[in-house]
């Protein structure tokens, strides 16, 4: 039967019982949207078991086969959900067909965030690894004088959500995809988590009792992380300070993304309030 694992269940897991199952739900995107936060928040739920690292199966490791993939999964008991997250799936051409051929009924979660701040966050992450890359401004434009934006730069490409979504809708019905607002995950984590638990068919166990707002970090943290009694904030690579970007460039990007955002709001029936 379903329901929480309970004591017998915990014992079964300690004894190495339970079995590895292919994920019934996958967080497929987007990079720098808040996917790590969502996964860590969800792991508080007793009926969610998730892979910690990003498997990158449907984009980089597909040749290794489903048995390899399944072996990466944690053991679960009856009624528990197996999950993984790899944010690059959302922009991978082959991923929708591949996931669909694994299991047509797989539930998909996409954490989205204002494409402009997402792009700056993406750049900030790269900058922390390669301090000598060109400026954000120079990477944004094909030609600064004409103001032509370089849509081939991945930091910009990823944020054209409507375009990527069309690819997924060829293989999945809209009802099987949940769009989570990265902004609301910061302003109202319990509210967004409520939507996610409903979508996954889980009891609403994660509530505002689980969160406190960390003013230094600028985002919510867990009062108790999974399997621990200590409070837990995301690591130091999360919530990095963004470099100051020329306001004119930011405005130019806002104008560039606006029509795509509008299309995305129409497709999803949700206004994310980015404009």
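From the backbone N, Cα and C atoms, a Cβ is placed for every residue, glycine too.
According to TrEMBL, the protein carries these features:
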DOMAIN    23-258  domain 'Sulfotransferase'
BINDING   32, 33, 34, 35, 36, 113, 121, 238, 239, 240, 241, 242  3'-phosphoadenylyl sulfate binding site
ACT_SITE  32  active site, for sulfotransferase activity
DISULFID  221-233  disulfide bond
Sequence gap of 6 or more, Cβ distance under 8 Å: name the residues on the same chain that satisfy this around residue 221 (disulfide bond), in order along the sequence.
211, 212, 213, 214, 231, 232, 233, 234
Just checking, which of 34, 239 (binding-site residues) has the fewest C-beta atoms within 10 Å of its C-beta?
239
Taking the Cβ of residue 32 (3'-phosphoadenylyl sulfate binding site) as centre, how many other Cβ atoms lie within 10 Å?
24
On a count of neighbouring CB atoms within 10 A, which of the binding-site residues 121, 241 is highest?
121
Which whole number is the mean pLDDT over the domain 'Sulfotransferase' (23-258)?
96
Cβ neighbour count (within 10 Å, all chains shown) around residue 36 (3'-phosphoadenylyl sulfate binding site):
19
